[in-house]
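Annotated in TrEMBL:
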type	residues	note
TRANSMEM	12-31	transmembrane segment
TRANSMEM	68-89	transmembrane segment
TRANSMEM	101-118	transmembrane segment
TRANSMEM	138-156	transmembrane segment
TRANSMEM	163-183	transmembrane segment
TRANSMEM	195-223	transmembrane segment
Amino acid sequence: MNLTFFDQFMSPQTLGIPLITLALLTPPIMFPTQNTRWLTNRLLTLQSWMINLFTKQLMLPINKTGHQWSIILTSLMAMLLTINLLGLLPYTFTPTTQLSLNMGLAIPMWLATVLTGLRNQPTMSLGHLLPEGTPTPLIPILIIIETISLFIRPLALGVRLTANLTAGHLLIQLTSTAVLALLPTMPTLSLLTMTILFLLTILELTVAMIQAYVFVLLLSLYLQENT
């Protein structure tokens, strides 16, 4: 039975074709596109307002050199948020529960921020590996520790997103299984468990939004260090 709990994290296939590509293409299809009309509908106005607000808050601590990343980070935030929320619907697949996908997003973005810092300000970027005022005997050890922590960053980005979403989906499935199992014998306890399931679903909605925001926020902090 334990294997069936993890079946939901397997990439679905139809005629041998993985459908993860379709799941990744769904977010851009859902968002309405801009047009040249003076008056737009409420949905497009709300979307533009939220994107402008998020981009403004995200780029506020970053200097003008890093503002060219605004489109990339905002698009990444919209994609992760949409995928995470759509994955909570019944009979859907969440691509962000796959560690390979999250690492495929985290490593290139982290590497781009590091290379940007090495190109624009190599002295300051390398200076992060050695804090100011370090005693001479501790210099080699601290350089090794800081280098390891630097290379752990993309791993932490991908594992954090994967672990939080996977744990939430497993809790929801376990609780819903308990609701169905207890319904014939103990309906009162089943009703109580259903209430817990409802609260857990609200919590998972919050986690889906927070994790998408944290992923992009940490990337913006790495960018801030290197610009």
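Positions of Cβ are set from backbone N, Cα and C atoms, glycine also.
Note: TrEMBL annotation is automatic and uncurated.
Below 8 angstroms of C-beta separation, residues 20, 72, 76, 95, 124-126, 150, 153-155, 157-159, 161-162, 215, 219, 222-223, 225-227 of the same chain, each at least six residues beyond the ends of the transmembrane segment (101-118), sit close to that stretch. Within its own chain, the transmembrane segment (68-89) has Cβ neighbours under 8 Å at 23-24, 26-28, 30-31, 51, 54-55, 58-59, 62, 95-97, 105, 109, 161, 165, 169, 172, 201, 204-205, 208-209, 211-213, 215-216, 219-220, 223, counting only residues six or more beyond its boundaries.
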